Amino acid sequence: CFRSGNDGDMASVMGFSGFGKKARTFDLDAIFEQTRRTAIERSQQPLDCPTVSRRKKESSSSSDSDSELIGPPVPKQSTGLDEDDDLVGPPLPPGYRGSTADVEEDDDDEDVQDDDDDVSVFLFPLHKEKTTNVSALALDPSGARLVTGGYDFDVRFWDFAGMDAALNAFRTIQPCECHQIRSLQYSITGDVILVVSGNAQAKVLDRDGFPVMECPKGDQYIVDMANTKGHTAMLNSGCWHPKIKDEFMTCSNDGTVRTWDLSSDKKHKMCFKPRSLQGKKVTPTCCTYSRDGKLVAAGCQDGSIQIWDRNLSVHTKFHCRQAHDPGTDPSCLTFSYDGKVLASRGGDDTLKTWDIRNFKKPLNVATGLSTFFPMTDCCFSPDDKLLVTGTSVKKDQGNGKLVFFDRATFQKVYEIEVTNASVVRCLWHPKLNQIMVGTGNGLAKVYYDPVKSHRGAMLCVVKSKRKERQAETLTQDYIITPHALPMFREARQRSTKKQLEKDRLDPLKSHKPEPPVTGPGRGGRVAAHGGTLSSFIVKNIALDKTDDSNPRQAILRHAKEASENPYWVAPAYSK
């Protein structure tokens with residue numbers, strides 16, 4: 001419909017009296033304001049707790065109004081909220097203040113805040129076995145579904161909107177049979193999932209876990225790995241292209257980094273071969289794309305970081321031979337959201353940042369971050385101001401931590417003691433503003449801010465557990481059986497002894513096999529014979545020696561014929 005100030009002039013020009021009834025107009029600002037007020041009224045009672053009021057008072061005293069740092073709290077000078085900010089959102093889980101008991105702060109560390117009530121912790125017991133390592137985490141782009149994988153070969157699917165407080169996965173599969181899950185990632189559209197396991201073939205699943213594609217396996221006897229169609233050794237890592245929805249990348253112990261096209265499962269798309277300083281083959285342990293998808297980066301077993309142009313697979317565009325200590329496998333590479341800084345998590349217990357425009361030496365280095373797993377993560381916060389990674393601990397020797405560093409100064413601004421096991425995976429989702437953490441004892445935790453986080457874990461934490469339906473039982477004491485009447489009663493099985501005696505009388509069931517024939521053969525049957533001429537003649541003649549029991553009679557039966565018609569002896573002597 002038209003909405004114009006000069007409807008009468010236009011109507012007179014076009015030759016009719018008017019446009020009829022005008023369309024109904026809506027004041028969107030008023031509707032949003034009314035919705036906002038309703039949400040505030042509904043959430044005012046659950047949010048009326050000392051923690052939230054104290055946080056609002058502290059935030060209102062801050063003068064930094066344009067700081068929108070999201071996630072776990074950092075020192076007060078770097079965070080702040082406007083005075084007009086209202087607390088809007090779903091009600092908090094009951095007793096959420098007690099859920100922060102898992103977060104124990106170190107009072108001796110001056111750089112770490114003592115206020116542990118500002119971080120709400122929500123625990124997901126994703127993998128039931130305590131010995132299982134949660135080695136893979138993935139969230140779809142919208143943040144509606146979480147996928148986890150572990151050393152128990154299982155891939156589990158979690159739907160935040162469909163879960164209640166019982167936190168049960170709606171599907172559990174083993175896509176790679178008896179191979180450990182090493183990496184999971186949703187594509188940029190969220191419709192397929194890349195599964196990288198301990199075998200040589202990566203798989204692609206749809207959102208519900210059904211197979212879409214399986215990469216082919218290469219020929220392990222070909223020397224040049226670029227001439228074979230796929231990987232020939234165990235996979236280490238994999239990721240999707242950030243711009244092209246059908247392209248993904250994997251790296252393997254066969255010394256190659258390969259890109260694949262989802263529409264072609266016959267051969268890889270391109271093959272990158274990392275090389276050491278001496279030109280020898282070196283194993284890539286992790287790989288990633290740059291944010292714009294133009295660069296391919298790989299961390300190698302010799303401690304080097306090598307970066308190629310995505311369209312040129314021969315020579316590296318950037319490389320640093322001594323990025324980490326030789327022989328320590330880098331476990332993670334990730335680019336910042338602005339695409340200028342690369343962060344690397346090394347097996348030498350360090351976390352480093354690099355400027356790809358000057359790739360000779362690192363910008364910042366953090367040491368003392370122990371790691372025991374080949375897939376320990378590091379990631380940037382959505383506002384690109386923080387860098388977070390996890391630490392590993394030996395059994396019963398402390399707690400694994402989640403450590404936050406300021407990207408500019410690289411000072412430790414915050415740390416969380418997660419659990420009494422290693423922190424293996426960490427994932428900071430930009431839309432949910434929640435941090436997913438996978439640990440070495442089979443648990444996963446979701447860290448969220450009750451004010452600044454959206455959806456995700458906050459959708460299911462407010463739901464109560466569904467009551468199990470009790471099966472109805474009959475009040476009568478009698479049981480009706482379908483075969484109670486004699487006409488429906490089956491024949492009673494007799495004893496085995498009588499059945500065997502009956503079978504013995506049956507000539508077919510009790511047929512005795514014929515014994516083997518000895519000698520030349522009889523009764524039309526030929527005995528076993530050798531390969532000699534005499535055996536062949538005996539077989540063809542089939543001599544019948546039925547009366548060989550008495551040799552004298554056997555010879556004398558020819559006496560009458562010999563006397564009447566002598567042939568051998570008598571003619572010889574007569575002559």
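Note: Cβ is positioned from N, Cα and C throughout, glycine not excepted.
Those TrEMBL annotations? Automatic predictions, nothing curated.
The annotation compositional bias 'Acidic residues' is assigned in TrEMBL to 102-115.
Residues or ranges marked as compositional bias 'Basic and acidic residues' in TrEMBL: 491-514.
Among the features that TrEMBL reports, region 'Disordered' is placed at 39-115 (among others).
Residues or ranges marked as region 'Disordered' in TrEMBL: 491-529 (among others).
The annotation repeat 'WD' is assigned in TrEMBL to 127-159 (among others). DSSP labels the residues of the repeat 'WD' (127-159) in these numbers: 0 helix, 17 strand, 16 coil.
Assigned with DSSP, the residues of the repeat 'WD' (228-270) fall into helix, strand and coil as follows: 0 helix, 20 strand, 23 coil. According to TrEMBL, the feature repeat 'WD' maps to 228-270 (among others).
In the repeat 'WD' (277-309), the DSSP tally of helix, strand and coil residues is 0 helix, 18 strand, 15 coil. If you look up TrEMBL, you'll see 277-309 (among others) marked as repeat 'WD'.
Residues or ranges marked as repeat 'WD' by TrEMBL: 333-358 (among others). Beyond the repeat 'WD' (333-358), the same-chain residues lying 6 or more positions past its ends with a Cβ under 8 Å from any Cβ of the stretch are 286-292, 295, 297-299, 303, 305, 307, 318, 320, 323-325, 364-371, 374, 376-380, 382, 384, 387, 389, 405, 407, 410.
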**the repeat 'WD' (333-358), counted residue by residue under DSSP: helix, strand, coil** = 0 helix, 14 strand, 12 coil
